[in-house]
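Asks: After the structure tokens below, expect a handful of questions from me.
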Amino acid sequence: MTRSIDLAVVAGDGIGPEVVAEGLKVLDAALAGTDVTVRTTAYDLGAARWHATGETLTDEDLAALAQHDAILLGAIGDPGVPSGVLERGLLLKLRFAFDHYVNLRPSRLYPGVATPLAKGGDVDFVVVREGTEGPYVGNGGAIRVGTPHEIANEVSVNTAFGVERVVRDAFARADARPRKKLTLVHKHNVLVHAGHLWRRTVEAVGAEFPDVAVDYLHVDAATIFLVTDPARFDVVVTDNLFGDILTDLAAAITGGIGLAASGNINPDRAFPSMFEPVHGSAPDIAGQGKADPTATVLSVALLLEHLGLTEQAARITAAVESDIVERGSAVRSTAEVGDALAARVAG
């Protein structure tokens, strides 16, 4: 029986449309010859729309997006939009509305990829970052703004419900991986209230996963080990803020954000999950065919894996690995990279 994937496509700004086009090209190649088809719907969201209409993400947009199986996002933003407008009005609004409580960031050092590490080693881990709590919920404020007595605060929200569900997701992922190891990263010696909630939750849920080895690192120690011994990590679970910082460091040691894919996941599947490259819109090279679409292609692999199409996802990942090994220092256009990856996936 034929299966159809109803995919929302938000190409966005800058290089977004270019890399998304190549991601869709590889997606089509991965599904060719299968009983799975893709139906795409494009959405005009991002800086261009904000400049034209002042809108970021309307209730009508959310209602329409909610009907899809998944969302593929390119990149959002340009220098002409004030900081925070699109981040909060579009990306975070979408994350909270669709309860994307797992932010998934795989970090793998592919053979042939340049790294600042003296010794690369077998680096292959995933960060499971809580996505809907912490200090990003907007629970804070400021008074006496602009005076010498200004007071500003941001309150980090951590609920037992929210922490348990992301910890449970992380344990399930660790249990499904060969190494079966989970590392909690926090700072419970100083952030005693939230930190110990996370610690107790990991201990409680961990009892249900006896095959998964568990350890703990303070966040400052974790940054050291990410640079000196990243191969020690398998699955890392952490809160929203620490995860935001650690995942960019993880990208830096595994080839940069140009290779970094991500998924904003609703594991309950009550809403569509969203998949996107980590890099920005890079307006300085937009329209020039210089952008590397590899991170978008790897995001497509995450999308397929989330939808249960693991064989097709693995083919894309294998194609990327082979392409990276063989590309060397060759300079290729965005479309040429996409063509090469699509050809490898098609076999």
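Note that Cβ sites are derived from N, Cα and C of the backbone, with glycine treated the same way.
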Asks: Out of Arg129, Arg144, Arg199, which does Swiss-Prot tie to the same substrate site as Arg95, Arg105, Asp220?
Replies: Arg129
Asks: Kindly assign Gln288 (NAD(+) binding site) to one of the three DSSP-derived states: helix, strand or coil.
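Replies: Note: Gln288 (NAD(+) binding site) is coil by DSSP, not helix or strand.
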Asks: What's the CA-CA gap between Asp248 (Mg(2+) binding site) and Arg105 (substrate binding site) in angstrom, rounded?
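Replies: A Cα-Cα distance of 9 Å.
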Asks: I want to check the contact list for Lys290 (NAD(+) binding site): same chain, sequence separation of six or more, C-beta distance under 8 angstroms. What comes out?
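Replies: Long-range Cβ contacts: Ser333, Thr334.
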Asks: Could you measure between Tyr136 (site 'Important for catalysis') and Arg95 (substrate binding site) for me? Cα positions, answer in whole angstrom.
Replies: 11
Asks: Measuring CA to CA, name the entry from the recorded positions Arg95, Arg129, Lys187, Asp220, Asp244 that ends up nearest Ala282 (NAD(+) binding site).
Replies: Asp244
